[in-house]
Amino acid sequence: MDVFKPEKLFGIIGHPLGHTMSPLLHNWGFAEHKIPAVYMAWPTEPEKVESFMQTFRNLPISGASVTIPHKLSVMDYIDQLTERAESVGAVNTLYWDGDKIVGDNTDAAGVSEPLRPYSDQIKKALLIGAGGAARAAITGLQSLGIKEIFITNRTKSKADDLAAEFKISALDWDARGDQHLDLIVNSTSLGMSGKFEEINPMIMENQDKNTIIFDLVYNPLETVLIRKAKSKGCTVIHGIEMFVHQGLEQFRLWTGIKLDEKKARELLLEKL
């Protein structure tokens, strides 16, 4: 009997990690291309990030995905940032270049690529949330040439800080639903499977069929925001689209191989 013997180890760090489908995507990719590697989930509490990075440096780990809430904190423990990670100001991908740990970011492409077909009709966009995913979302939106971008967050000071850094405008949390918008992007965990699942991050009274809703939450597929947007006739983009595009780019960075986008999407949709 053949025994699978992985030669390379990859994984994802975050907290919590109960909802992650990254192992499914990457392990499928390894199997599809007969790569002797395995990808695991490593739940890592914030106070243990430094310890994890020491482990990454000392054990034969070939690469890692980084998710909430570690996309900023891991930057203290890497040797080199890519240009796009510097632009975003956050890291979601780790890999080795010789003996240096490199931090990269594939999230901005995960936002921009699903929106590209609609970019000409997006003049005014609102981003909900001010964490690591928000930074990537702003970079992705700006790469599409969207000029009028607003950001809102329950903690206003965080929105103010990002607005100043990226030269966009901050809105009060209670004012987020006051105007009609061409695009709304949710980068918070509100609506995610678990304790926040039934919390809608957006007030939808002033939105209509001309509004595009992009919820970066991908589990569940039909979030409370997506359901409300559909009831208003809005165009909706599910979080699975960001997940697919950022994940395919991670796989390419680690292996040099571009996975089949359609097959990857079908694989993930089967699990949602």
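Cβ coordinates are placed from backbone N, Cα and C, and glycine is handled just like the others.
Worth saying up front: this structure is predicted, and the values here are computed from it rather than measured.
Counting only same-chain residues six or more apart in sequence, the Cβ atoms lying under 8 angstroms from the Cβ of Ser22 (shikimate binding site) belong to Ile12, Tyr39, Ala41, Ser65, Thr67, Gly247. Annotated shikimate binding site per Swiss-Prot: Thr20, Met21, Ser22, Thr67, Asn92, Asp107, Tyr218, in sequence order.
Lys71 (active site, proton acceptor) has a Cβ environment of 25 other Cβ atoms inside 10 Å. What Swiss-Prot lists as active site, proton acceptor is Lys71.
As annotated by Swiss-Prot, NADP(+) binding site applies to Glu83, Gly129, Ala130, Gly131, Gly132, Ala133, Asn153, Arg154, Thr155, Lys156, Ser157, Lys158, Leu216, Gly239. Same-chain residues at least 6 positions away in sequence with a Cβ under 8 Å from that of Gly132 (NADP(+) binding site) are, in sequence order, Ile68, Pro69, Lys71, Leu72, Ala90, Asn92, Asp107. According to its DSSP assignment, Gly132 (NADP(+) binding site) is helical.
Taking Cβ-Cβ distances under 8 Å and a sequence gap of 6 or more within the same chain, the neighbours of Tyr218 (shikimate binding site) are Met21, His238, Gly239, Ile240, Met242, Phe243, Leu268, Leu272. Cα separation, Asn153 (NADP(+) binding site) to Thr20 (shikimate binding site), rounded: 24 Å.
Cα to Cα, Thr20 (shikimate binding site) and Ser157 (NADP(+) binding site) are separated by 29 Å. The local packing around Asn153 (NADP(+) binding site), expressed as other Cβ atoms within 10 Å of its Cβ over all shown chains, amounts to 25.
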